[in-house]
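Q: There's a structure below that I have some questions on.
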Amino acid sequence: TDSATSRKRGESQHANMFAKLTSLVTGTSLPFTLGEDKGTAWNWWTLHDATWKADGTNVSVFKAVISLSDDAKLNLARNSLKRLRGLKHPSIVSFKDSLESADRSNVTFYIVTERVMTLASFLAMDEMQGNTSEVLAWGLRAVVSGISFLTNECKLVYGSLCYNSVFVSHTLDWKLGIFDLLSEHAGMDKAMDPQPFVQGLPLVSAQYLPGEVHKKEWQLVKDGPAWGIDAWGLGCFMQELFKGSTMAAVSELRDLQSIPKGLQGDYQRLLSSQPHKRLNPAQLLQRNSFFRTKLSDIVVFLDNLLLKEEVERNRFFRSLKQALRSLPSFLIQRKILPACLSVVEFGNVSTPALQAILDLVECVGDEKYFETGVLPFILKLLASPDVSVRLLLLQSVEKFITLLSATTIEKQFYPAMQSYFKDPDPRIRDQTIKCMSLLAPKMNQKILNSSLLQHLAQLQRDPEAAIRTNTTVLISKISQFLGEASCKRILLNAFTRVLNDPVATVRNAGILALKETSQYYSEEDIARKLIPTLAPLVTDPDPSISVSSFQCLEKNFEVLKNYNKKRETELASAPPEPAAPPNPSQGNGNSAETFNMDAPLVDEWRPEAEDNNLVLGDDGGWDDDGLEDMLQGQESTTNPLSGLDDSVSQQMSELMGGGSGGSNTRSGAPMGRKHLSPPRKPSKKPMKLGATKRATKSDDAWGDLLND
């Protein structure tokens, strides 16, 4: 009765304690958001995906719901929580946090770890089909390493090794994850204070227990090696791993068909009936060549990279691409690349190391993984003071351009490299131009037309001829992304500007660019700007320039020819306009539309004619000053030609009216001063022939970019 009362009192105390804790950790107060149930992990534990609320990190949660009355299971669950918190090893799941909550009947345990998946789920992935040899060897090596650490270094008994107690991280590391039965090997014979392994023995299926445990010969277990129980467990795990399913009976351990030949001998030693004859897991790693694979050699070297000499490190990275050719891409993406990124993050990045990493980036097929796992590393390198690092990074953009989203380019990548357009090193400036041909298709027109074109306008004046050439070529290539309005506004000026460059390759780039972008030029621009500027290059001393310019002219002449044909066709098909009625005020009855070349000239200057007093100036424009000069000092003279030589006067008289004596034979009236209209006030600026009113805004939009 006393024992029953004491037990009830203890249960009441437990309930009160956990009731207080429950109010803190249940519902929305949990520090994580519990996600999808990934199935049973081991015994009463289930695995869930989750998200840590503080920073959005992906985590996993091991959850167990145990009755308040089951003291044995409660102790085992708490042992798992305590042990996992204190153990740190690459082959053990990384612990983050743990919680307990209780209601009136159950206790719920939460163990928060790094994001992992069950081994069964991992092996069922599509990527694993047909690519298992390297992965299984690497995974088994990690499990053996973890067991060796626990048994040889910590003198602990793991006791629950099987298919369901091994998990796989995002970087493909295999890890031990359940520690309910973890016990001190030295205390295995204590009957009064049994170890968790002894308490939980009923929970372990018989096929996973060696003979001495079946018989409960605890003294024999204690006297034997610390790895005795777990060596047997390794044999069971190998059978399940290579067979692909859990064991149902101990007799299945005799089947060697699924065990690789290189492992069969050591597999049998692990399952020896005598504990002291079982193979030490540490010796298994050292003696068996099954674990020395290409993948394991690479990862082991990376794990010890900082301890290696620089010459050895560079040699390793130079040979890495060749060594990885036989490995599946998902292994490179999820294991090798993260390992490389983690080790170079803590030291200076050498050129061979960066080259190897950028080669590995080509194997990344997941845009989301690239932006979270690789992009921060690349953005960090863009700010590197090492010219060779930045140059190599620019040269490798094509390897990951498909993984860069438009948003990432506009908000992160392009802003980080804008300073490169003005970099002191011409190699950086030149490679930046080449890089932009890859980025431009993913950039919006606003950035292209403002920021990028402004940089390119400056680079057209770069001291390096190669940079001027490539700048012109780039403008031509990205014209299709600028928008038609921008192309019509800037391209012609941008390309004709380089036609006077002293370097032939630059001039040739301008000619070819004009030819490739001819669809953006109107017939008027071709006739008034392009052809007059391009024509002199037909006689260029460089034969290639002469040929290119002539070909470009031919193409544009063809455009004008087609334009003229089109106009002729339109005029021919247009209905004739009705003839204007005769004007009685005109003596000959001829209108402007029926002007006859044989008709006599007008006999006098008419005051109502606006431009009677204009003559053709020396500059090819209409000039009214010339006529005024002719009239000055001749107001008393009836014939303005009287001051000329007689023969010249005679010829001019004949030209202007015919007949002798300076009279006009058409009207009989002499060409005297009284017949001329009064001279207008002379214009200060002679009108150009064919000139139109100049626009107030500059039409050289490309030149305006230089002034922005």
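Note that Cβ sites are derived from N, Cα and C of the backbone, with glycine treated the same way.
Look at TrEMBL and you will find 18-291 tagged as domain 'Protein kinase'. According to TrEMBL, the repeat 'HEAT' annotation covers 374-412, 413-451. According to TrEMBL, the region 'Disordered' annotation covers 568-595, 612-708. The compositional bias 'Pro residues' annotation in TrEMBL covers 575-584. Positions annotated as compositional bias 'Polar residues' by TrEMBL: 585-594, 633-653. Feature annotation from TrEMBL assigns compositional bias 'Basic residues' to 672-687.
Could you give the neighbours, burial and distances for every feature on this list?
A: Across the repeat 'HEAT' (374-412), mean pLDDT in this model comes to 92.
A Cβ distance under 8 Å defines the sequence-distant neighbours of the repeat 'HEAT' (413-451), meaning residues of its chain 6+ beyond its ends; these are 379, 382-383, 387, 390-391, 394-395, 397-398, 401, 404-406, 458-459, 462-464, 466-467, 470-471, 474, 477-478, 481-483, 486.
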Q: Write out how many residues of the repeat 'HEAT' (413-451) are helix, how many strand and how many coil, based on DSSP.
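A: Looking at the repeat 'HEAT' (413-451) with DSSP, the answer is 34 helix, 0 strand, 5 coil.
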